[in-house]
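The domain 'Pseudouridine synthase I TruA alpha/beta' annotation in TrEMBL covers B:8-94, B:145-247. The active site, nucleophile annotation in TrEMBL covers B:ASP53. The annotation substrate binding site is assigned in TrEMBL to B:TYR112. Here TrEMBL flags B:226-253 as region 'Disordered'.
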Number of protein chains: 2
Amino acid sequence: MPSYALLVEYDGTGLVGWQRQPNGLSVQQVIEEAASHLNAGVAPLATASGRTDAGVHAEGQVVQLAVSAELPPVRLRAALDFHTRPHRIAIRGAAFAAEGWSPRFSAVQRHYRYRVLNRAAKPALEEGRVWHVPLPLDAGAMHAAAQLLLGRHDFSAYRAASCQAESPLRTLERLDVVRVGEEVQILASARSFLHHQVRNLVGTLHEVGLRRRPVEWPRAVLDGRDRRAGGQTAPPQGLTFLRVDFPEPPEWS
Amino acid sequence: MPSYALLVEYDGTGLVGWQRQPNGLSVQQVIEEAASHLNAGVAPLATASGRTDAGVHAEGQVVQLAVSAELPPVRLRAALDFHTRPHRIAIRGAAFAAEGWSPRFSAVQRHYRYRVLNRAAKPALEEGRVWHVPLPLDAGAMHAAAQLLLGRHDFSAYRAASCQAESPLRTLERLDVVRVGEEVQILASARSFLHHQVRNLVGTLHEVGLRRRPVEWPRAVLDGRDRRAGGQTAPPQGLTFLRVDFPEPPEWS
């Protein structure tokens with residue numbers, strides 16, 4: 001059975017996240033059910049580079065699945081993009097997956113963007129895509145605080161209680177905070193992230209942005225390894241899974 | 001009674017457009033009903049710089065209304081932004097309107113952006129914001145064709161049958177076509193536009209982008225003054241009313 005890699009975009013609004021859940025529709029379920037049309041009516045198992053939470057979006061999630069239909073990737077892409085309608089899930093690309101390749105374990109870098117709408121007026125065009133913070137944020141202070149978190153650390157202080165990773169050690173390669181018009185955007189890159197790590201980092205940097213806490217505080221939280229000492233978990237809708245790097249990237253059709 | 005200018009953003013999805021209609025909810029109705037809370041329960045009349053169609057969005061629509069409550073603009077803005085909830089309509093700014101100022105007649109330039117998602121995969125994150133054109137568009141050819149339409153002309157060929165303007169003469173100041181990643185964006189500026197003018201221009205340039213028609217064709221359509229000779233009316237959801245210029249711009253609070 002041919003194994004395929006898929007490049008997937010979705011709006012996470014109203015979905016329970018990547019993973020199948022008993023309480024609602026997941027991206028995984030929509031894609032697996034779409035793929036059943038190419039697999040003799042049986043939904044195959046789909047695995048993904050990142051198990052995004054409910055309400056989190058993706059521009060470049062990478063998914064693997066195998067189906068019995070032996071289609072060129074360009075036709076598989078079109079078929080799955082058709083069968084995922086009317087959901088806001090688009091199959092942007094497809095490729096044959098190499099033997100032993102895994103979207104999860106072969107990934108060497110994951111990139112996320114978090115968007116904060118930092119203005120007095122509520123979101124209208126960007127509702128469901130941003131965290132609305134009406135008080136002015138000092139993006140420069142947030143960026144300075146973020147630079148103190150780079151490198152390999154025990155990120156227990158930024159890890160959800162529900163996190164299933166064996167180790168809290170992660171290497172944060174990039175955590176940039178930039179102002180883009182009315183928005184403050186946080187760009188985070190690492191080989192892998194702990195559950196809620198990006199959202200907990202954003203919620204903690206937010207306290208620095210409001211000048212409730214000094215620039216050094218998020219690093220002190222890190223060193224204390226206590227989740228309860230940090231800021232809130234920023235809401236999911238501001239987060240987008242941008243892309244995944246692989247040593248040998250799939251050639252998308 | 002103090003008269004105010006408002007800077008308004010909205011997502012046009014599911015709305016019948018700016019103007020009140022018997023068949024659904026309009027931006028005008030939402031704003032007028034929000035303002036009734038500041039006007040002894042009576043909805044005042046609101047006028048706008050541009051009467052956007054159903055499904056068309058705005059980043060910087062400008063609106064005028066008068067209410068009996070004598071509030072500083074910063075407080076009026078906050079109150080109207082609150083009372084327009086839960087609609088995807090945001091009051092980004094407010095200012096006192098000068099005597100004789102009109103959002104419609106004082107405007108000297110209006111700016112629109114039209115977004116085409118030009119990729120095989122259906123829209124997911126940008127659904128409701130773009131026109132999906134799956135076949136490749138030649139943005140360079142569209143831009144070249146657009147430049148032949150600049151200046152003062154009889155735009156009858158690009159005017160809706162329902163257009164109520166007295167004259168079909170308009171001066172098109174800018175019509176740029178640019179590729180931005182997977183999108184082709186059309187940026188249009190003029191003192192004022194005829195009804196459906198931008199969408200008819202985009203639908204006609206689209207034929208050039210697909211290479212079904214030569215670069216000179218949209219100009220030949222213009223010169224023929226016959227709407228039936230041009231391309232389709234591009235769908236509303238790709239269009240956003242970006243901003244309005246005034247000789248003396250309101251100082252937004």
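Glycine is no exception: its Cβ is also placed from the backbone N, Cα and C atoms.
Helix, strand and coil counts under DSSP for the region 'Disordered' (B:226-253) come to 6 helix, 7 strand, 15 coil.
Note on the domain 'Pseudouridine synthase I TruA alpha/beta' (B:145-247): its mean pLDDT in the predicted model is 97.
Residues in the domain 'Pseudouridine synthase I TruA alpha/beta' (B:8-94) partition by DSSP class (helix H, G, I; strand E, B; coil) as 21 helix, 25 strand, 41 coil. Counting only same-chain residues at least 6 apart in sequence, those with a Cβ under 8 Å from the Cβ of B:ASP53 (active site, nucleophile) are B:GLY12, B:GLY17, B:HIS196, B:PRO236, B:LEU239. Its Cβ taken as reference, B:TYR112 (substrate binding site) is surrounded by 25 other Cβ atoms within 10 Å in the chains shown.
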